[in-house]
Every structure is written in structure tokens, then in C-alpha cells.
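**Student:** Questions regarding the structure given below will be posed in turn.
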Ligand SMILES: NC(=O)C1=CN([C@@H]2O[C@H](COP(=O)(O)OP(=O)(O)OC[C@H]3O[C@@H](n4cnc5c(N)ncnc54)[C@H](OP(=O)(O)O)[C@@H]3O)[C@@H](O)[C@H]2O)[C@H](O)CC1
Ligand SMILES: [K+]
């Protein structure tokens with residue numbers, strides 16, 4: 001079982017394409033199912049510590065995995081029972097069913113067991129779970145001390161993370177071959193428990209990946225404040241937001257941070273405070289310009305935003321600025337841009353929709369030509385070139401004022417350090433989550449900004465300094 005940071009994420013269709021490609025290379029569905037089931041059985045043996053296991057097998061290949069799991073556990077002398085929903089549809093699942101020689105109960109007449117394995121539905125769930133099935137499942141889950149989902153907990157939509165009926169919450173989900181968006185997108189992600197990836201011998205494309213610890217430079221003998229990356233932050237009507245973004249950029253490793261629009265000396269004194277004018281805005285040493293935190297939405301601030309957009313700096317566009325621009329305006333501007341909307345700002349800029357978060361973020365990146373950080377309990381980073389990064393759940397204590405300002409500053413520091421927009425956005429998201437983890441409970445955004453330093457230090461050195 002592998003941790004999921006950096007793992008490939010595949011939609012159901014992509015997963016099937018990977019399977020098909022493997023078959024065309026000489027692999028077989030039966031062999032793949034055998035590898036999947038045996039890998040799951042090995043993990044389940046470790047997790048169950050000798051307790052009896054009840055495997056629930058569905059009508060598809062997820063159920064086929066379940067029969068291989070049960071047969072493997074039985075062959076190892078591990079106490080195991082099987083209850084089935086329907087009969088296997090595919091030949092490969094029927095073969096797997098034939099490999100189980102024990103009795104097969106039904107969901108309704110089986111007895112609970114300490115360890116429950118949900119092999120009812122995986123990536124093929126196509127419509128909401130029947131309430132009677134869901135109810136029987138919940139009774140068995142309530143009676144178990146450990147519930148393990150195979151590939152996905154039953155009752156979730158693979159690609160969007162939406163719920164399909166009343167889902168079966170798992171304590172652990174064993175993802176097969178690759179993560180799926182539902183392992184990371186809410187509300188499905190909340191029903192997966194701890195997600196572990198099992199290798200089943202398929203090679204997954206890495207267009208979409210789980211956000212991982214970034215490779216960030218460690219300063220070296222030739223480093224100086226400018227080649228470590230200069231960040232400039234436009235100060236708006238609510239000055240505290242820009243101050244937080246500035247503090248975040250400093251702690252996240254930027255060598256020089258300028259707050260444009262403020263000259264009154266104040267802590268932190270390492271923060272350079274300059275008037276906002278053509279000279280300060282046009283400083284060619286700026287590696288990333290942040291506009292939006294606490295900006296305000298009046299005409300003067302709209303004009304300030306226009307001046308920022310008129311530069312050729314790499315931009316981080318956040319907060320109020322997202323209410324003042326249009327996707328067309330951004331696409332026309334071009335250059336490196338990272339937008340960091342939360343749900344409300346996303347709807348304001350790109351319109352509301354019932355589509356899944358991943359699809360919406362990817363469409364927005366296409367429409368605007370910018371890298372989109374669609375924030376939330378499930379953060380999705382989408383690049384205009386189709387690549388995407390999905391973040392594992394971070395601390396719920398991030399639901400505090402200023403958290404977004406801190407993220408904008410962290411992303412800007414990574415962008416100014418020379419990462420490309422997708423890499424910088426993903427690195428900033430990882431630093432933000434890691435800083436929150438280090439803060440523990442009940443922190444405020446000022447604490448979070450300071451914790452970016454230790455988080456940054458933890459990943460320094462992966463690449464040589466510039
Ligand atoms: N590389 C891999 O990921 C591997 C995955 N494997 C396992 O295979 C499943 C995917 O198998 P699949 O058969 O495509 O789908 P499921 O097993 O999830 O379920 C499909 C069957 O369930 C029926 N269905 C769908 N929705 C419902 C519902 N709400 N209620 C009842 N039945 C439902 C569906 O019937 P339809 O008429 O809707 O088509 C199918 O009969 C994957 O998740 C892995 O566990 C391979 O075994 C190994 C490699
Ligand atoms: K399942």
C-alpha cells in the first residue's frame with residue numbers, strides 16, 4: 001500500500017483506457033483482477049489482524065475483485081465469508097466467482113463481521129444505490145469495527161465525487177492502479193477514510209496527479225534577495241489582506257517582498273513598503289505580482305487592477321480582483337497567470353454550474369488561459385494545457401479569515417522562485433496545507449503565514465539554487 005501524494009488520478013474512462021491498453025499489450029482482465037484481488041487480500045490480512053472478514057460482492061468487476069479477495073484469504077486460512085448482490089455479469093467476474101468455493105449469502109441474510117469489505121461497486125456505479133441495499137450496507141458497517149472499500153466506497157460518482165444515493169462510508173479505501181477523482185473530491189472524499197494506492201501492474205498517465213511535496217530550491221552561495229524571487233503585492237482597501245499575503249510570501253521563501261501602496265513603516269520590517277506608481281509596479285525584478293487580496297471593488301480599485309493587468313508580470317489574481325475581471329480579458333492579456341477563487345468567486349467569474357469541480361476548473365483554465373486554483377475542502381488546480389493537481393484534504397481549521405490571502409502569497413513566492421504556474425500553484429497549495437498541519441488546531445491566518453517557513457524548510461534542497 002502506497003501513500004497517495006504524487007499518485008496519478010484517472011477518471012473512470014481513463015482507467016478503462018489504461019486497462020484496455022494493458023490488454024492490448026498482452027495482459028488479461030483475469031490476470032489484472034487476480035493481481036488486484038490478491039493485492040487487496042494482502043492488505044486486508046494485515047489490517048484485519050486475524051479477525052473474521054465478510055466480503056460483499058457486487059454484480060460487476062468490483063465484485064469480481066471481492067471473490068478473488070475471499071478465495072485468497074480462505075486459501076491463507078483466514079476466516080472469511082461472502083455475501084453477494086446479484087450474480088457476476090462479466091466472464092472475468094464469473095471466473096472469479098467460480099474461484100470461491102464457499103457459500104454465498106445475500107446482503108439481507110448475512111450476519112455482520114468485525115471486518116467488512118465493500119466490493120459491491122467501484123468505477124462502474126452508474127445510478128444511485130437502491131435505498132434497501134444502502135440500508136443493509138449501513139447495518140453491516142455499523143456492526144463492523146473496520147470497513148475497507150475496494151477501489152471506491154459504494155455510492156459515489158467516480159469522476160465528480162458526487163454521492164449516488166446513501167454512500168457506504170469506509171475507514172480505508174484501497175484504490176486500484178490509480179486514484180480516482182472521487183478519492184479527493186467532496187463529498188465522496190469524506191466517505192473514503194484513509195486512501196491507499198495498490199499497484200496492480202498498470203501504468204497510468206500522469207496528466208492528473210495528487211498534490212505532492214514540491215521540489216523547491218535551497219539558497220546557495222550565489223543566492224541573493226532578487227534571484228530567490230521578488231514578489232510584489234498590491235495593497236487595497238482592506239490593508240490587512242495584502243499584509244497577510246506579503247507575510248506569507250516572505251515566509252514561503254521569497255527573497256524580497258514589496259507591498260505597493262503603503263509607506264508607513266510597520267512590522268515585519270523585512271517587508272519593503274513602496275508607493276503604488278508606474279515605477280514600483282513596473283519594477284522588472286518582480287517575479288510575481290499579487291493583486292486582489294482586500295482590493296475592494298470601487299472604480300479606483302478597478303483602475304488599479306487594470307494597471308496591474310497592463311504589466312507583463314506573472315500574476316496571482318485573488319479575492320476582489322476575481323469579481324472585476326472577465327475570462328475573455330484574462331485570455332486576451334495572456335502571460336503567466338494564476339487565479340485563486342473560492343466557490344463564490346469562481347461562480348462570479350465563470351458562472352455557476354452543476355458540473356463537477358474538476359471539470360469546471362479545467363474548463364475555466366481553458367476559457368481564461370490561466371491556471372486555476374479552485375479552492376475549498378477539496379482544492380483542484382487546473383492548467384490550460386489540461387494537466388491538473390488535486391489536493392488531499394487539509395485541516396478544516398483553514399476555514400478562517402485571511403487563509404486565502406496567505407495562500408495567494410505562498411503561491412506567489414513559488415512562482416517568483418521560478419516554478420511554472422501549475423507547479424507554483426500546486427506547491428503553494430501543498431505549503432499552505434502543510435503549514436496548517438503544523439499549526440495544529442485553532443490557528444489564525446497570521447500563525448498560518450508564519451508556519452509557512454518551517455513548511456518551506458521541510459522541502460528545501462530538492463533542487464539546486466538558481
Ligand atoms: N485497473 C482497475 O481499476 C481494475 C479494476 N477492476 C475492478 O473493476 C471495477 C469496475 O468494474 P465494473 O464492472 O466496470 O463496475 P462495478 O463493478 O463498479 O459495477 C458495475 C455493475 O454494477 C451495476 N450497477 C451500476 N450502478 C448500479 C446501482 N446503482 N445499483 C445496482 N447495480 C448497479 C452495473 O449495471 P449497469 O446496468 O448499470 O451497467 C454493472 O453490472 C473497478 O472499480 C475495480 O474494482 C478490475 O477488476 C481490476 C483492474
Ligand atoms: K467498492
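Cβ coordinates are placed from backbone N, Cα and C, and glycine is handled just like the others.
What TrEMBL says about a protein is an automatic prediction, not a curated fact.
So TrEMBL says this about it:
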type	residues	note
BINDING	61-65, 122-128, 151, 241, 294, 342, 405	(6S)-NADPHX binding site
BINDING	62, 118, 154	K(+) binding site
BINDING	375, 376, 377, 378, 379, 404	AMP binding site
DOMAIN	15-208	domain 'YjeF N-terminal'
DOMAIN	208-459	domain 'YjeF C-terminal'
**Student:** To see if you understand the setup: which same-chain residues, six or more apart in sequence, place their Cβ under 8 Å from that of residue 61 ((6S)-NADPHX binding site)?
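**Tutor:** Once residues fewer than 6 apart are set aside, residue 61 ((6S)-NADPHX binding site) is near 29, 33, 90, 92, 93, 122, 124.
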**Student:** Going by DSSP, is residue 62 (K(+) binding site) part of a helix, a strand, or coil?
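**Tutor:** Residue 62 (K(+) binding site) sits in a helix per DSSP.
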**Student:** Minimum Cβ neighbour count within 10 Å among the binding-site residues 342, 375: which residue?
**Tutor:** 342
**Student:** Relative to ligand 1, which of the binding-site residues 126, 151, 375 have a Cβ found under 6 Å from one of its atoms?
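**Tutor:** Going through 126, 151, 375 in sequence order, those close to ligand 1 turn out to be 126, 151.
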**Student:** Using C-alpha atoms, which one of the binding-site residues 62, 118, 123, 126 comes nearest to residue 404 (AMP binding site)?
**Tutor:** 123
**Student:** So which binding-site residues are near residue 118 (K(+) binding site), with CA atoms within 10 Å, out of 126, 376, 379?
**Tutor:** none
**Student:** When neighbour density is defined as the number of other C-beta atoms within 10 angstroms of a residue's C-beta, which of the binding-site residues 62, 126, 154, 379 has the lowest density?
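**Tutor:** 126, out of the binding-site residues 62, 126, 154, 379, has the fewest neighbouring Cβ atoms within 10 Å.
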**Student:** Just to verify a number: CA distance, residue 151 ((6S)-NADPHX binding site) to residue 62 (K(+) binding site), in angstrom, no decimals.
**Tutor:** 8
**Student:** I'd like to know which of the binding-site residues listed (126, 154, 342, 404) lie near ligand 2, counting only a CB under 6 Å away.
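**Tutor:** Those binding-site residues that pass the cut-off, since their Cβ is under 6 Å from ligand 2, are 154.
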**Student:** Excluding 62, 118, 154 themselves, which residues in that chain have a Cβ inside 8 Å of the centre of the Cβ atoms defining the K(+) site?
**Tutor:** 56, 58, 63, 66, 119, 120, 121, 122, 149, 150, 151, 152, 153, 168
**Student:** Whose Cβ lies within 8 Å of the mean position of the Cβ atoms of 375, 376, 377, 378, 379, 404, the AMP site, other than those residues?
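**Tutor:** Once 375, 376, 377, 378, 379, 404 are set aside, the remaining close residues are 342, 343, 374, 391.
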**Student:** Any idea which of the binding-site residues 118, 151 has the thinnest Cβ neighbourhood at 10 Å?
**Tutor:** 151
**Student:** Measuring Cα to Cα, tell me the gap between residue 377 (AMP binding site) and residue 62 (K(+) binding site) in whole angstrom.
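**Tutor:** Cα-Cα, rounded: 28 Å.
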**Student:** Do you know the mean pLDDT across the domain 'YjeF C-terminal' (208-459)?
**Tutor:** 97
**Student:** Report, as a single number, how many Cβ atoms besides its own are within 10 Å of the Cβ of residue 404 (AMP binding site).
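**Tutor:** Counting Cβ neighbours of residue 404 (AMP binding site) within 10 Å gives 25.
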